[in-house]
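Let me begin by presenting the structure, written as structure tokens, before commenting on it.
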Amino acid sequence: MFKKVLGLARKYWLGVLALNGVMLFLGLAVIVHAFNGNLALKVIASWLSAFLAFGDVMLLLSLWQNMKQRSRLLQNTYLKLLISTHIGLVYNICYLVFAISLGFLAKSSWYFIYALYHLVFAVSKSAIARTLQNDNRPILFWQMYRRLGYCLILSAVIFHLLVIFVTSGRDNLHTQHPFMVYLMALMTFINLISSSVTLFSKKGRQVLQLRAGRPIHFAASLFSLFFLQTMLLRLYGKDELDFQRLMTIILGTSIFLILMILGIAMISIAYQQTKSMQKTEA
């Protein structure tokens, strides 16, 4: 499937560029409420923009699969993990800067807390990369795994603050800067797809080192889902505040509990594994 997608993109590359232009145009038109007079046209534009964005994600995945098959270096699990961790670290730092910039422009505390959330991810990935570079002993892996559990609990607390801001109406998620808000939503959508692919990767279940990044990707997927729901409710549910609050509480509470349970489970598993190894070495 990926080869067919890449082949079609190479053959009709001008069409791909044109469709990306259409995607950005429709997305911005929806954000600035250009179709408010026609509900049907607004819905069609929203779905079409989302469909084209999904096509871009499929194209990126196809390019990645093609590079992975052609490169011997990328077939090395350890090296691939090291590269992907550093790329993820850079991605989170860019997300951090972008969120802080948008927070100042929109005067919204939401984006500052969002930036703090990605700062936790950046620190976690930095710890993974540092551990991979220094030593690959299993006992050090489980020690790092326990620290990641604490990071997930911290991210759950930060996420809970976001839920409080949204439900109380203090998030100030307005569209004074529609292009930046749209880019933020688009980046979040791409993050959701890429995190989900990593989460359900078969190799992540077989290789010990790959287990380190899976909880972080899982947390990123959950938060991306919440962010997209919040943006959609802000765009299409302005007159249904009670429904917005209910959906935010339901999804927010579910994600908060999942992150807390996952973090505690990681700490418990890492503690048991470390204790078992220390007994074996003794």
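Note that Cβ sites are derived from N, Cα and C of the backbone, with glycine treated the same way.
The model shown is predicted, which means the values in this text are computed figures rather than measured ones.
These come from TrEMBL:
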- 12-32: transmembrane segment (TRANSMEM)
- 44-64: transmembrane segment (TRANSMEM)
- 85-105: transmembrane segment (TRANSMEM)
- 111-128: transmembrane segment (TRANSMEM)
- 148-167: transmembrane segment (TRANSMEM)
- 179-200: transmembrane segment (TRANSMEM)
- 216-237: transmembrane segment (TRANSMEM)
- 249-271: transmembrane segment (TRANSMEM)
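In terms of C-beta pairs under 8 Å, the stretch of 12-32, 44-64, 85-105, 216-237, 249-271 lying closest in packing to the transmembrane segment (111-128) is 85-105. Highest Cβ contact count with the transmembrane segment (12-32) among the listed stretches 44-64, 85-105, 216-237, 249-271 falls to 44-64 (criterion: pairs under 8 Å). Among 44-64, 85-105, 249-271, 249-271 has the largest number of CB pairs under 8 A with the transmembrane segment (216-237). Here the transmembrane segment (249-271) has Cβ contacts under 8 Å with residues 142-143, 145-146, 148-153, 155-156, 159-160, 162-163, 166-167, 215, 218-219, 222-223, 225-226, 229 of the same chain, all six or more residues outside its ends.
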